[in-house]
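Asker: Take this structure first; my questions come after.
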Amino acid sequence: MLHMTQAKKPLMLIILDGWGYREAREGNAILAARTPNLDHLIEEYPWCFLEASGEAVGLPEGQMGNSEVGHLNIGAGRIVYQDLTRINFSIRKGDFFKNPAFLGAISNAKANDSSLHLMGLVSYGGVHSYMAHIHALIKLAQQEGVKKVYIHAFLDGRDVPPKAALKDIEELDAFCKENGNAKIATISGRYYAMDRDKRWDRTKLAYDALTMGVAPYKTPDAETAVSEAYKRGETDEFVKPTVITDSEGKPEAVIKDNDSIIFFNFRPDRARQLTWAFVNKDFENFPREKHPKVYYVCMAQYDETLDLPIAFPPEELENVLGEVLSKQGLAQLRIAETEKYAHVTFFLNGGQEKCYEGEDRCLIPSPKIATYDLKPEMSAYEVTEEVIGRIRSGKYDVIVLNFANMDMVGHTGIFEAAVKAVEAVDSCVGKIATVLKEVGGVAIITADHGNAEQMENPTTEEPHTAHTSNPVKCIYFGNDEVKGLKNGKLCDLAPTLLELLKIRKPEEMTGESLIIK
């Protein structure tokens, strides 16, 4: 006799990256877009607001949320105190200045009479790095008597306004002059130095500037480098690598054998490629004309496979959502396009690379284009087609999906493109909801942080390319088992999903279910 396996009715967590809530209509791509599907879901089903920024997600008060932080909190089911908060606290306590990873880099530079290079995103954004950390490193180098200290400044323009760098670089230059002898040696937009999508031609441009002093442009000082980039029509993110020269027209500094590097970005995803280029012996992604042997320190753990000193190693999170589902023997799927794949896997699993038993992963490639305003739908339709097939397969108990569009297109600052991105996601959510209803599944639809709801700076009327600190909506879609949801935080999502699955939440999860009893 043939026994048929009963098809599962999946519980979905659909994360609409960058889908924030803001009442004002000006510069609000979410309100400007036609969103019949999301509008219908909000009218017909229970929903609430979730805090997705500041202390609610383990960041300093008022600090905007981001995708890494959002997914960590969602998966952990508790407030996860972020690296930004941990590092700020260590500076206040004084532990920062005794950190063995930093002191190792400094000892190496002093022992070899070599240079200490401080490399990373010069920004107040607080997403990848923070200006106070750079200041603390400069003070530490001065305190320890390092003679040759050079800064390789990557410019932001995404998590802060597109032309914030000139003021920030002027301020950093002044700080260097007042606190020792550090000098800015190179400038590069994050588009080049911090690529994460294996566009190695971009990484190579930054690497060559750092190791050979070879770059598209050279200027006598950092402020001129930024000013001239603005004249060329480049905003901070896209400033081409520029080498700062000394009085003889030679590069102020290049990274050489026996030098020390401290990469002060604390977020891993955009620090990996450049790190690999420096430290991987078998690196084949582009030819390295110079490969200096350096003492390399990472601010946080960029890659589990690299044996490098880490200033702030990860704190282990136990009993995160994926682990709890796995222990219950449930089949789970994580699906996203390239831009957010790490978020639904690595970050949702508490910052761990490992895949849990019963966890499948599906990566849909993001389109290979210069900027996503050129294709606001990105790969959302392909993600949708794939996930619909997976829903109909009846294989999965839980599916976690991320749509990247509202965030990635929001970062371009181009309003019309962001509107199209919102509409593409709305269309995809509608298709998924239809299929879920057919198979008897349910969904929680929410976001990890805001972005597309504010595409314009209301004061300056310039494009707003950063995340926001606005709340996000959370919708329950499915049967009438849930009568209402109460307002909460991102860390309340995992306990809510576990309640829907009738699984007791582990004691490590301090978040509360959003379901109104």
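Positions of Cβ are set from backbone N, Cα and C atoms, glycine also.
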Asker: If Swiss-Prot says Arg158, Asp159, Arg190, Arg196, Arg267, Pro268, Asp269, Arg270, Lys340 bind substrate, which of His128, His133, His135, His291 does it name for the same site?
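Answerer: Looking through His128, His133, His135, His291, the residue Swiss-Prot assigns to the substrate site is His128.
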Asker: Figure out which of His152, His467 sits with Asp407, His411 in the Mn(2+) 1 site per Swiss-Prot.
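Answerer: The candidate from His152, His467 that Swiss-Prot ties to Mn(2+) 1 along with Asp407, His411 is His467.
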Asker: Among Ser67, Ser427, which residue does Swiss-Prot name as a further Mn(2+) 2 binder in the site formed by Asp17, Asp448, His449?
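Answerer: Between Ser67, Ser427, Swiss-Prot records just one in the Mn(2+) 2 site with Asp17, Asp448, His449, namely Ser67.
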Asker: Measuring CB to CB from Arg270 (substrate binding site), give everything in the same chain under 8 Å that is also at least six residues away in sequence.
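Answerer: In sequence order, the residues whose Cβ lies under 8 Å from that of Arg270 (substrate binding site) (at least 6 apart) are His128, Arg190, Met194, Asp195, Arg196.
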Asker: For Asp448 (Mn(2+) 2 binding site) and Asp159 (substrate binding site), what Cα-Cα distance in Å is obtained after rounding to a whole number?
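Answerer: Distance (Cα to Cα, whole Å): 15 Å.
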Asker: Applying the rule Cβ within 8 Å of the centroid of the Cβ atoms of Asp17, Ser67, Asp448, His449, what extra residues of the same chain belong around the Mn(2+) 2 site?
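Answerer: Here the non-site neighbours turn out to be Ile15, Gly18, Ala52, Gly65, Asn66, Gly70, His71, Lys340, His343, Asn402, Asp407, Ala447, Asn451, His467.
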Asker: Please give me the CB contact count at 10 A for Asp407 (Mn(2+) 1 binding site), counting all chains in the structure.
Answerer: 31
Asker: Which has the fewest other CB atoms in a 10 Å radius around its CB: His128, Arg196, His411, His449, His467, the listed binding-site residues?
Answerer: Arg196
Asker: Between any two of His128, Arg158, Asp159, Arg190, Arg196, Arg267, Pro268, Asp269, Arg270, Lys340, the residues recorded as binding substrate, what is the biggest Cα to Cα distance in Å?
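Answerer: Maximum Cα-Cα distance: 18 Å.
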Asker: Have a look at the binding-site residues (Asp17, Asp159, Asp448) and report the one with the fewest Cβ neighbours inside 10 Å.
Answerer: Asp159
Asker: Quick one: pull the CA-CA distance for Asp159 (substrate binding site) versus Asp17 (Mn(2+) 2 binding site), whole Å only.
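Answerer: It is 15 Å, counting Cα to Cα.
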